[in-house]
Amino acid sequence: MPDPSSQSVPFPGHRREPQRACRRWALRCFGALLLTALAAPGGAQAPAADDTTWEPALAPEGPVLVVIGLSEQRAWVYRNGVRIATTPVSTGRSGHETPTGVFSILEKRREHYSNLYDDAPMPYMQRLTWDGIALHAGTLPGYPASHGCIRLPLQFSERLFSITARGTVVVVADSAQPPSLAGPGLAQSPDAAAEAGAASDSAGRPAWHPERAPQGPLSIIVSTHDGMLVVLRNGVEIGRAPVSMPAPHEAGSRAYQLLAGAGPGPSALLPDRPALRWLQVPVAGTPAAPVPVEPSAEARLGVDPGFARQVYDALAPGATVLVTAEPLAAVRADVTVLLNESPAAQSTPDPARP
């Protein structure tokens, strides 16, 4: 049976091509590589083969997290919080910069071609945005050289493709920061939950409609500005509830990924359930070293206990949480973070990107 993640509709600027396209591309490739070598910035060198490591046995199971450092021109792969691989990359050149943010893989295709750049093959394509940014195999000259995509070595790209899935989190940052094990910051205390329950009575009862999207990766957005928590699956809202969080609220955003395995002790909100283990995703302002994060204001995040139980039961390793000081409207409209919206829900794609 074919891999369902590899069967999908091409996005703008990309299309499948017959095998003869490879022959045309092969003739162009030699000249393109020669020009690339002659035009390389002074001192730039192609990465050495031993710059890549791949040790999946260090963490055989658990959710995968990919971190891209633009200044380092490097990628790191974590599984269940353990680094299992690293490789050089080539990202967007000047005028075609790769956007930063916390993304999730939207679709995957083993065989893929560009209809904008001479049928250039883009093997093992993993789309990050609907307007054309993706991970794929490509040439690595030792500096940013793409039209916005993230190029990976061919063998590494194939291996990465084999362990990711739709919904896998990919972080693109100006400078990479290793992820940190989060303390019980996403567990709610009973006192805060009671406060949130009172808020629900006055601000509207929690809503929970998992039938709207029965399957797929779960994403949660918490807006301290709006005092609201929204649960999405594949970009479809399936739940929402008022939340409370004591002031002062931290500025900016914090993102987390749920790891496999239970944490120590019971959940602070649901004593009959085990505590969960979270990895803090390295977005702006997070610690620069992989050290445990002390419990923060999220530890006092309050939400209706019945709603919390429904969300808890729907969570699976790899689920993502974004806690932000921005209004929900701004997050939903402007940020690709953690959302798998359909192409129809997006603005008109930019056809200039490969």
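Yeah, the Cβs are placed from backbone N, Cα and C, and that goes for glycine too.
TrEMBL entries are annotated by machine, without manual review.
Keep in mind that this is a model prediction, so the values were computed, not measured.
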Which range is region 'Disordered' per TrEMBL? Of 66-103, 180-217, it is 180-217
Simplified to three states, DSSP reports HIS136 (active site, proton donor/acceptor) as strand
As a whole number of Å, the Cα atom of HIS136 (active site, proton donor/acceptor) is distant from the Cα atom of CYS149 (active site, nucleophile) by 8
Across the domain 'L,D-TPase catalytic' (64-173), the model's average pLDDT, rounded to a whole number, is 90
